[in-house]
């Protein structure tokens, strides 16, 4: 029986996710017709389902599909993961007004990519998947200058091994990263590249976002106190899956949930056998009510359950993105 739960702080929604979700919610109320979101606004099924309720928000993976949507309006919202200039230009050519809900910390990486490309650098972009929306968007800012490098331990189509990647000019080289990677694995990957290419430029401010680091640190702090870890995340959430990997490495037993309903499977499989204390965290795109549902499940089994919250909440807010008409000049940071 679970006697004690340690809830990680921080966990769940980060400032970028809150900004993006609120942008969709406000646009759905403000616009005369339903709004369209390009890609999942954040990588969480529950969030997408809740926003879709009522028919005021549609989600597409291709902007050309907007016209085919019922009662489609002319406003499209870009997801928190960022988009390439090609997608932005396609929206403009289709006459769509846009609301860019890209996380400002992702936009910062885009800005760095454009800067270094203009200066003639080759960009080594560290990521965990060539198909991740954030990687696609960042690479799209400077496709001719960018080489994808798999973060340590990650392989796949389009990802180069940091031990073997080849570059055209080792003297004009900079490293940028996806924002949601393992802090430890990213540091090791950069160290490998720096050892191979001594002239490699590492930007002074880390690309990994504060929320990624803080959530990983919270897992490390709790792990010594628990028998097992539960991580609420979608498999599509990069930061959430990195939390799962970290929890398993630090604790030895870690399980992924999307909702409290998944606990039935764990209990039937005997996965929580012998577990008396459990740590719980959640991806930056996971609503906290899903975490509280898990706590309620265990409390129903043990009314004397002790719940301890470890760590501190963040106090960061991002400005609401503005709507841009298709004929309107883009802000300088988007050019």
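Counting begins at 1 with the first residue displayed.
Backbone N, Cα and C atoms are what each Cβ position is placed from, and that goes for glycine too.
Per Swiss-Prot, [4Fe-4S] cluster binding site is recorded for 14, 103, 209, and the stated evidence type is sequence analysis. Other Cβ atoms within 10 Å of the Cβ of residue 209 ([4Fe-4S] cluster binding site), summed over all protein chains shown, number 24.
Residues within less than 8 Å, Cβ to Cβ, of residue 81 ((2E)-4-hydroxy-3-methylbut-2-enyl diphosphate binding site) and separated from it by at least 6 positions along the same chain comprise 39, 43, 102, 103, 106, 132, 133, 134, 137. Taken from Swiss-Prot, the feature (2E)-4-hydroxy-3-methylbut-2-enyl diphosphate binding site covers 43, 81, 132, 179, 237, 238, 239, 285, and the record attributes it to sequence analysis.
Positions annotated as isopentenyl diphosphate binding site by Swiss-Prot, on the basis of sequence analysis: 43, 81, 132, 237, 238, 239, 285. Cβ-based neighbour count (10 Å, all protein chains) for residue 132 ((2E)-4-hydroxy-3-methylbut-2-enyl diphosphate binding site) stands at 17.
Residue 285 ((2E)-4-hydroxy-3-methylbut-2-enyl diphosphate binding site) carries neither a helix nor a strand DSSP state and counts as coil. All protein chains included, residue 285 ((2E)-4-hydroxy-3-methylbut-2-enyl diphosphate binding site) registers 30 other Cβ atoms within 10 Å of its own Cβ. Per Swiss-Prot, the feature dimethylallyl diphosphate binding site maps to 43, 81, 132, 237, 238, 239, 285; the stated evidence is sequence analysis.
According to Swiss-Prot, the active site, proton donor annotation covers 134. Mapped onto three states, the DSSP output places residue 134 (active site, proton donor) in helix. Over all protein chains present, the Cβ of residue 134 (active site, proton donor) has 25 other Cβ atoms lying within 10 Å.
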Are there binding-site residues among 179, 237, 238, 239, 285 that sit within 10 Å of residue 14 ([4Fe-4S] cluster binding site), Cα to Cα? If so, list them; otherwise say none. 285
Neighbours of 14, 103, 209 excl. site residues, C-beta within 8 Å of centre, [4Fe-4S] cluster: 15, 16, 17, 80, 104, 105, 106, 179, 180, 210, 211, 212, 284
Can you grab the distance from residue 238 ((2E)-4-hydroxy-3-methylbut-2-enyl diphosphate binding site) over to residue 209 ([4Fe-4S] cluster binding site)? Cα atoms, rounded to a whole Å. 13
If one measures from the C-alpha of residue 209 ([4Fe-4S] cluster binding site) to the C-alpha of residue 179 ((2E)-4-hydroxy-3-methylbut-2-enyl diphosphate binding site), what distance in angstrom results, rounded to a whole number? 5
Within 8 Å of the Cβ centroid of the dimethylallyl diphosphate site residues 43, 81, 132, 237, 238, 239, 285, which other residues of the same chain have their Cβ? 42, 133, 134, 180, 234, 236, 240, 283, 284
What are the sequence-distant neighbours of residue 237 ((2E)-4-hydroxy-3-methylbut-2-enyl diphosphate binding site), meaning same chain, six or more residues apart, C-beta distance under 8 angstroms? 42, 43, 44, 180, 283, 284, 285, 286
